[in-house]
Amino acid sequence: MNGQSDYKGQRTAGMRGMSMDNILGDPFALATISIAMLAWFIAFIGSILATASHPPGDGFPNYSWFTIAYMLCCILGIFVVIASDTTQTYHVAIVGFLATGLVLTSSSVNSLIYSSNGAKEATAAGHILLSMVAIVWMFYFGSTPSAVPRAYLDSFALHKDHRVSSGRGMSTAYGNGYGHGYGNGRPDTSISSNVPPQMYTSAQLGGFETSSPVAGFPGGAAGAERNSSQPRFGASNLGPNGAMGSESTPGEVVQPTEYPYRAKAIYSYDANPDDANEISFAKHEILEVSDVSGRWWQAKKENGDTGIAPSNYLILL
């Protein structure tokens, strides 16, 4: 329920946050939309001149007018989607509409390109440009953000998160086998069956453990499952009265006191109320991280709160 409500909130916020900065700050979007509008005007003016120079029903295909109207709607729709930063919400629909538009523009080119009339040739040239832009858009919107060509184009955009291609990389940011993929929706924090969960000892999480049993958190052996979607940690080192035991072994790892890494939240996250180890954070919030080797990172917020956070909600800076 939290994931669904957060997704709806992000989508609504994206529509309310429509801004020209998303267009002007993205060279690819600015260039392709500008070329598409120029091509549309060429086709539109050429169609007017071609229709005026021929008697009604003679020479100029009527469906070319529908093509012009249809492509205008596609261009305006893409403009709105990019300006509202909801590309990953509507990218499938965009590809479908562009595929239909490519068929229409190609048919118009085939009907007009062989004419000796200059107005028809100009109209055909406009439709050719529209077809080329449609092909580029279909490749862009039909690719995942982790695709190398799209990631390269997105790297020039000012408003988009730039993800590194090595180390943790984009596969972690977009699920790494256990997320829902990509987009404005939050990824899932559940664990897939083909990757073992990350285990921690009580010494590693000494500062995160509670002084009393938490409801829904059975004290079984390490790896025991619980009803939550979060991974099960190692057995606690609690004493009989609920306090942390004083015994320590040479092999134990002390609680980290340094946080050498910085990470940015690419999604907001609400901590599980049944697990006091987790911390909540907002989208774009900066966290300090002590260890980036597992799925759950030990993090500290700017206000000093410490806890664990899912790695697929964060991106290293």
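Backbone N, Cα and C define each Cβ position, glycine as well.
Copied over from Swiss-Prot, here are the features:
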type	residues	note
DOMAIN	258-317	domain 'SH3'
CARBOHYD	ASN62	N-linked glycosylation site
REGION	216-255	region 'Disordered'
TOPO_DOM	1-27	topological domain 'Cytoplasmic'
TOPO_DOM	49-62	topological domain 'Extracellular'
TOPO_DOM	84-92	topological domain 'Cytoplasmic'
TOPO_DOM	114-121	topological domain 'Extracellular'
TOPO_DOM	143-317	topological domain 'Cytoplasmic'
TRANSMEM	28-48	transmembrane segment
TRANSMEM	63-83	transmembrane segment
TRANSMEM	93-113	transmembrane segment
TRANSMEM	122-142	transmembrane segment
Within-chain partners of the transmembrane segment (93-113) [C-beta distance under 8 Å, separation at least 6 from its ends]: 43, 50, 61, 63-64, 66-67, 70-71, 74, 77-78, 81, 87, 120-121, 123-124, 127-128, 130-131, 134-135, 137-138, 141-142
Segment-level pLDDT (mean, integer) for the topological domain 'Cytoplasmic' (84-92): 91
Positions whose Cβ lies under 8 angstroms from the topological domain 'Extracellular' (114-121), at least six residues beyond its ends: 46-47, 49-50, 53-54, 59-60
For ASN62 (N-linked glycosylation site), the number of other Cβ atoms found within 10 Å of its own Cβ: 9
